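Enquirer: So TrEMBL lists these for the protein:
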- 15-296: domain 'CN hydrolase' (DOMAIN)
- 55: active site, proton acceptor (ACT_SITE)
- 155: active site, proton donor (ACT_SITE)
- 188: active site, nucleophile (ACT_SITE)
């Protein structure tokens with residue numbers, strides 16, 4: 001099927017904390033919706049059957065609970081009412097944004113997924129009801145190709161979004177399409193947690209996901225395109241990921257991902273939006289993971305000097321590292337219960353420091369979640385203290401096999417190359433209670449090769 005995602009540089013309110021009336025809020029949102037409309041037309045012309053827009057793309061961000069209120073549409077979260085906002089605009093008040101999105105889908109005969117702020121009055125008898133008598137949700141909506149609202153999803157894992165409420169229960173939302181079956185949906189930070197993202201995919205055996213996001217890149221392990229691809233690979237699904245484009249805030253990175261190929265956009269240099277359109281296969285069955293022999297344990301040759309262990313902060317976590325400074329060899333490093341092993345060979349010995357790092361613990365900055373990670377990274381400079389820094393360019397082409405005795409089945413294989421480009425592993429999978437990833441010759445200089453494990457039970 002042909003899919004489209006649009007990385008949108010949103011027109012932002014100059015003062016998001018100021019209180020404005022509904023009319024002014026609609027005027028700002030209309031400027032973003034006008035851009036959406038042009039992109040829907042362009043995507044439909046290229047044969048797209050579905051288009052996905054980013055999180056916060058219509059209203060922007062940095063609101064307070066009160067200042068966002070005029071920007072919120074009313075949406076009924078019960079799916080019992082079949083509603084076409086374009087054809088039945090009179091059914092509910094405050095649905096101008098939904099109407100416009102619905103009409104875009106209808107006019108262009110395309111499935112459309114977008115993110116907006118929604119409101120829902122609640123009764124004081126509802127124990128979750130906020131003091132001001134209303135819920136405010138960060139919401140994804142999906143319209144089918146005749147403009148009918150077919151699914152709404154309320155973001156569960158909020159990322160410092162004080163304007164919004166967490167829904168009382170996680171939403172498991174998907175919608176059906178004639179061209180690719182069911183699409184699940186969740187938003188941004190949700191991708192790092194079991195609820196609802198992983199549970200949704202597993203419970204309903206979903207093979208396609210739409211994913212609006214407003215993601216701030218964090219190298220070396222959590223840049224948007226790197227993690228989006230790892231997620232598609234780990235769960236063997238297609239992901240249509242639309243990110244917001246604000247390079248000054250570190251926000252870029254969208255793509256259409258299959259487990260074996262990606263069409264991505266990552267651009268920190270220029271401004272303006274970007275439409276990606278690609279034809280991808282519908283996934284119906286599971287790919288077989290290629291298994292191969294994992295080499296034996298590192299043999300300790302008596303006279304050989306073991307590389308020194310050192311500690312450095314990476315992504316706010318205290319990693320234990322060993323340098324990877326030869327042309328080829330095997331190294332290992334352990335922390336808590338996790339041991340990571342690397343077998344490597346460089347094409348040419350370049351003047352760049354690499355290190356193998358391990359972390360097995362609770363990550364506590366910008367969210368709390370348990371991580372088990374084995375990571376081969378390029379360091380920022382030649383001293384140990386630069387390992388873990390954000391690096392965007394590298395020249396060393398490396399063959400490697402990386403493996404670890406992970407305690408969780410949820411492992412995201414990361415493979416990032418110079419200029420924030422992606423590569424695919426040759427082989428990955430479980431063998432002898434170890435998870436491994438291997439690659440013969442990265443396509444360009446290696447930035448990160450990692451196994452990023454999420455141990456959800458220990459969150």
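Sequential numbering from 1, following the chain as shown.
Cβ from N, Cα, C; glycine included.
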Enquirer: Restricting to the domain 'CN hydrolase' (15-296), what is the model's mean pLDDT?
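Expert: It averages 95.
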Enquirer: Taking just the CA atoms, what is the gap between the residue listed as 'active site, proton acceptor' and residue 155 (active site, proton donor) in Å?
Expert: 10
Enquirer: What is the separation, in Å, between the Cα atoms of the residue listed as 'active site, proton donor' and residue 188 (active site, nucleophile)?
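Expert: It is 8 Å, counting Cα to Cα.
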Enquirer: Tell me, how many other CB atoms lie within 10 A of the CB of residue 188 (active site, nucleophile), whichever protein chain they belong to?
Expert: 26
